[in-house]
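A.B. asks: TrEMBL lists A:92-281 with the feature domain 'ABC transmembrane type-1'. The annotation transmembrane segment is assigned in TrEMBL to A:30-51, A:94-122, A:134-152, A:213-238, A:264-284.
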Amino acid sequence: MTTVSSLDSGAVAPVSARESLFARLKKNRLSLFGGVLVLLAVFMAISAPFLPLQDPDAVDASSRLAPIGAPGHLLGTDELGRDILSRMFWGGRITLLVSIAATLIAMIAGTFLGLVSGYFLGWTDTVISRGIDVLMAFPYFLLALTVIAILGPGLLNGMLAIALVNVPFFARIIRGSTLSLREADYVLAAKGMGAGHSRILFRHILLNSLPTLVVATTINLGFMITAAAALSFLGLGVQPPTSDWGTMLASGRQYLSSAPHTSYLPGLAIFLTVLGFNLLGDGLRDALDPRMRD
Amino acid sequence: MSQPSQAPAPLLQVSDLKRYFDVKNSLLSGKSGHLRAVDGVTFNVTAGETLGLVGESGCGKSTLGRVVSRLLPATDGEILFEGRDIIDIDRKALLALRADIQSVFQDPSASLNPRMTAFNLIAEPLVIQKIGTRASRRDKVLDLLETVGLRREFADRYPHEFSGGQRQRIGIARALALDPKLLILDEPVSALDVSIQAQIINLLEDLQKRLDLTYLFISHDLSVVQHVADRVAVMYMGQIVELADNEAFYANPQHPYSIALLSALPLPDPTIARKRILLEGDLPDPANLPQGCRFQSRCAHVTDRCRVGPEPEMQEISPGHIARCHNLADIHAPIEQKQTA
């Protein structure tokens, strides 16, 4: 016989999963809209230092609570006469930074725990899974408040608190995907070549969990923005004079009747950004990993 | 395939190998037992030969393959590879053994990591075993692609860009990367179209000649095994019930189970009619085997002796042809009858 057989070696299926991901995402109008909202928020966060914005912390007692469209202040001013437009950009920078950093921390910690517990099973899994159960038994916000009560309020501690609260989210998703992937034939094949645990965990199981992880991360970013804003709203996150959308919302709340724009502008920003991440996450989930639909 | 001219020492010696799985019978009673997937299996594989291992699904043939390739631990018994025990070995020796015994799996789309290119898939065993430099690995992988009949340009493609047959070729190339001595072929063609099956079988036969490979060929397809195997072992419920040379087995099967299996094999000559033996009766519960012979519930030749213990022992019918049955002398095998009408 000949080793090269024409029948089998000629035709190659012309499918490319990468092309079709964007195509599938594009078909979903809602998630495209979500993507635009997310891009807008990211643009605000990145561009703040480069745009000709006023100093977000410059107090001007002569023009307190100026309405939208007031001369010199496109979106008006807050109770101390600070320019709201500028504060929206700079505040969004803090809110996004805290949420993204917290999501990354939660993702890395949760993924690691999920991989280890789903792969090794036995007592490792028991210890990790029960620990995750304990974290989940606390009401979401109470846990974050407890962490802040221990560490003290502040930008970094707030970030750690909401990261910790979200570790179970990632740990459980990745544990589930690890449980199914560890039985895959290619994992068995890797063992048969002599692959060690870390190679199997990271090159085989984690690599094949990536779609799940991307979707989970996007959806989680939405939660994180709400959580970060809520902590700041309570004065437990970022401390004055720095402010984010949450603190702006909190200070504007006292002037809800006289100057509603001081609170509904940051509120709208939070709402639209979270909506954007959720719509984008849903679209990514449908395109990448339909199994996660619940 | 090549016949051993002299009598070399067996490459693989398996004796009384057992692999039990724990099963919980009932949630309420809390009783538990063992599922005897492999229950006292003994056979040798000589260097250069192909041993075909056949049996219906659930008979333990894949489990046997995995225990032999050290992918599953053995419960009891002995496996010698090149005369050395491979069950109680340290990590370093196991890693070296992995290079000598490689597996090809049934479903190539499941056994190839979908996120790795053909190149990385085939290079992975070399990377794991720390063999060669980056450049020498590259040469080796590209050579392997050609060895299995794929073009070098395919190296950067992902598994989903290949057809089923091409994927199995990648699986074979990966198994060959470490220059193994023994290949465990676990239903290597069962997931493929019939037309592709022939190509893969030809490739495997060609490779065996060129690279002096020894095959343990696991399959449920008796015609495929007839084509590739030098010797055939039939498994039923975790035990080998018949072991014989290819010609002897297909011409003169001895065990009633083998006879029934072969009677279901389509014959290439439509003028030949043959009596098909339909197996009736249920498979015994593998976690709760009956006393006596395991085949008693489905056997046409069952006698009282089969229903009361002890289990039948292996008997030699002719040199190299053994079967596990009490009534071998009474069973006549009417395999082929020329149509007279």
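The backbone N, Cα and C atoms fix where each Cβ goes, glycine too.
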A.B. asks: Take the transmembrane segment (A:264-284) and find every residue of the same chain, 6 or more past its ends, with a Cβ under 8 Å from one of its Cβ atoms.
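C.D. replies: That would be 25, 28, 30-38, 40-41, 75, 84, 88, 91-92, 95-96, 214-215, 218-219, 221-222, 225-226, 229, 245-246, 248-249, 252.
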A.B. asks: Rank A:30-51, A:134-152, A:213-238 by Cβ pairs under 8 Å to the transmembrane segment (A:94-122) and hand me the top one.
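C.D. replies: Comparing A:30-51, A:134-152, A:213-238 against the transmembrane segment (A:94-122), the winner is A:213-238.
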A.B. asks: What residues in the same chain, six or more past the boundaries of the transmembrane segment (A:134-152), come closer than 8 Å to it by Cβ-Cβ distance?
C.D. replies: 158, 160-162, 164-165, 167-168, 227, 230-231, 236
